[in-house]
Each structure stands twice: as structure tokens, then as C-alpha cells.
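Participant: This structure is in C-alpha cells; I'll ask about it shortly.
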Amino acid sequence: MSDKKLDRFIVFEGLDGSGKSTQARMLARHLAAQGASVHLTAEPTERAIGRLVRQALRRDFCTDSRALALLYAADRSDHLSDPEDGILAHLSRGGTVISDRYFYSSLAYQGVSEDEGFLRTINDYPHPETVVFIDTDVRLCLERIDSRGSGRELFEKEDYLRRVRDNFLRILTTLPPSVRLVRVDGAASAEEIFSTLLSQISG
Ligand code: ADP
Ligand code: TYD
């Protein structure tokens, strides 16, 4: 996997319900208020391949785990390279890009069933400057997902998420030294987490 890194690109990672979208939004608002041009985005995307991924997560059609890994990786390629709205295009115009999930999610989630070497090969994408990992207890994540009231998706099961968390912890130790890792405890209030995150990002 390439050690190439994209400056001004910040990625949030964590389990479903960990609170990463909330923190990504708070950081985007904070940086925009300081005058930065910020593009907040997410994977799976709202593009054609991303919509297909979401259909698979709702079990609208049946596919296998290898095909799903390839779909996530293909969605990511579009997400990076769209000439107008892609991550690379926003960065080349001088903006800051914040993404709710990136290829570390593929290594952690698809890594439960697929070979890590295969996943790294199909996800040979550049690293961001910063990875923020919101580390939230699996049961707390599931409580939050259930209180959202929209039902559970494919991976939202306790045993599965425990294995995903173990994968995240292992994978995040393999980041190139130039990538900044910020790990925050997700059990506190959103405001407390954000203040810890900000002190680590600016520290
Ligand atoms: P994710 O993007 O990781 O799935 P969200 O940010 O969507 O997580 O949060 C999941 C749910 O938990 C949402 O209903 C959100 O309002 C709530 N939530 C987010 N952060 C916190 C927090 N620190 N404490 C309590 N609830 C939270
Ligand atoms: P997401 O919409 O971020 O879910 P949530 O807001 O609940 O955290 O992601 C949808 C699901 O897709 C989630 O279960 C994580 C999974 N996922 C993968 O398995 N691999 C990937 O590469 C990505 C980006 C997401």
C-alpha cells in the first residue's frame, strides 16, 4: 500500500453509532467559522456505486462479501477522483476535506471475512493527513443505533462490531509515521469529545 499522504485531508473512523458523523460535522463547522473552505463528505457516498452499497446494507439484494469489498473500493475511487466534486479536486482547489469513513473502514469491516492483503491491494489509495478514531464501546454504539429507530443494517451486530473494533485497533498501528492519529474516547458528551479532539488536532 502506498505511503502517499494528502495534506488537509482529515478522516473520521469508528464503529457504526460511535458518534463520528457528529464530530465530523462539528469540526467542519469549526474550521469553516475560522475561514477555511471545508468540504464535508462521507463513504459510502451518495453516488451510483455508493447507493448500490447502501442497498446491499439494507439487504435489498444478495451479494457476497468479496463483491461488497470491491464495491466499497470502487465507490472510493469515484469519491477521490471525480473531476468536480472529488476529494482530490477539492484539495487541489486549496480546500480542507473531512470524510466520515475512508479505506480504514474497508480494512476493519471487510477484514472480518476477507484477506487483508487482498483488501490492501484493492484499496491502494493515499492516506489522509489525519485519522480521528472515535473509540466507543460496542454496546453503547448499538444503544445509539437502536435509539435512532431506523433498524439495524448488515454489520450492526455485537459480535461483528467487536471484531471490527479489534481490526481497527490493529490497523491503526500500521499507519505511516507521517499520518497523525487522534484517538478519542467516544463515551463522553459530544461537546467534551469535540474539545478533546480539537486540543489534540491543534496540539
Ligand atoms: P456515527 O456516524 O458514528 O454512526 P452519529 O454521529 O450518527 O454516529 O451518532 C449516532 C447517534 O448517537 C446519533 O443519534 C447521535 O445524535 C448520537 N450521538 C452522537 N454523539 C454522541 C455522544 N457523544 N453522546 C451521546 N449521543 C451521541
Ligand atoms: P455509515 O453510513 O458510515 O454507517 P454509520 O453512520 O452507521 O456509521 O456506513 C455504512 C456501513 O458501511 C457501516 O456498517 C460501515 C460499513 N462500511 C464498510 O463495511 N466498509 C467500508 O469501506 C465503509 C466505507 C463502510
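Here the Cβ of each residue, glycine as well, is placed from N, Cα and C on the backbone.
Since this is a predicted model, take the numbers as computed values, not measurements.
Checked TrEMBL, it gives:
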- G14, L15, D16, G17, S18, G19, K20, S21: ATP binding site (BINDING)
- 12-175: domain 'Thymidylate kinase-like' (DOMAIN)
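Buried or exposed, and what's around them? Tell me for each listed feature.
Facilitator: Spatially close to D16 (ATP binding site) yet at least six residues away along the chain are C141, I145, E153, F155, E156, L161, judged by Cβ distances under 8 angstroms.
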Participant: Indicate the candidate from G14, G17, G19 with the smallest number of other Cβ atoms within 10 Å of its Cβ, considering only these binding-site residues.
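Facilitator: Comparing Cβ neighbour counts within 10 Å for the binding-site residues G14, G17, G19 gives G17.
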Participant: Return the residue, from the listed binding-site residues S18, S21, with the maximum count of other C-beta atoms within 10 angstroms of its C-beta.
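Facilitator: Max Cβ neighbours within 10 Å, all protein chains included: S18.
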Participant: Can you count the other CB atoms that lie within 10 A of the CB of L15 (ATP binding site)?
Facilitator: 30
Participant: Give the sequence-ordered list of residues that share a chain with K20 (ATP binding site), lie 6 or more positions from it, and have CB atoms under 8 Å from its CB.
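Facilitator: When sequence neighbours closer than 6 are ignored, K20 (ATP binding site) has F12, E13, G14, D100, R101, V132, I134 within Cβ distance under 8 Å.
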Participant: Could you tell me which of the binding-site residues G14, L15, D16, S18 have their C-beta within a distance under 6 angstroms of some atom of ligand 2?
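Facilitator: Correct list: D16.
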Participant: Starting from the Cβ centroid of G14, L15, D16, G17, S18, G19, K20, S21, the recorded ATP site, name every other residue in that chain with its Cβ within 8 Å, sequence order please.
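Facilitator: Neighbours within 8 Å of the Cβ centroid, excluding G14, L15, D16, G17, S18, G19, K20, S21: I134, T136, C141, R144, G186.
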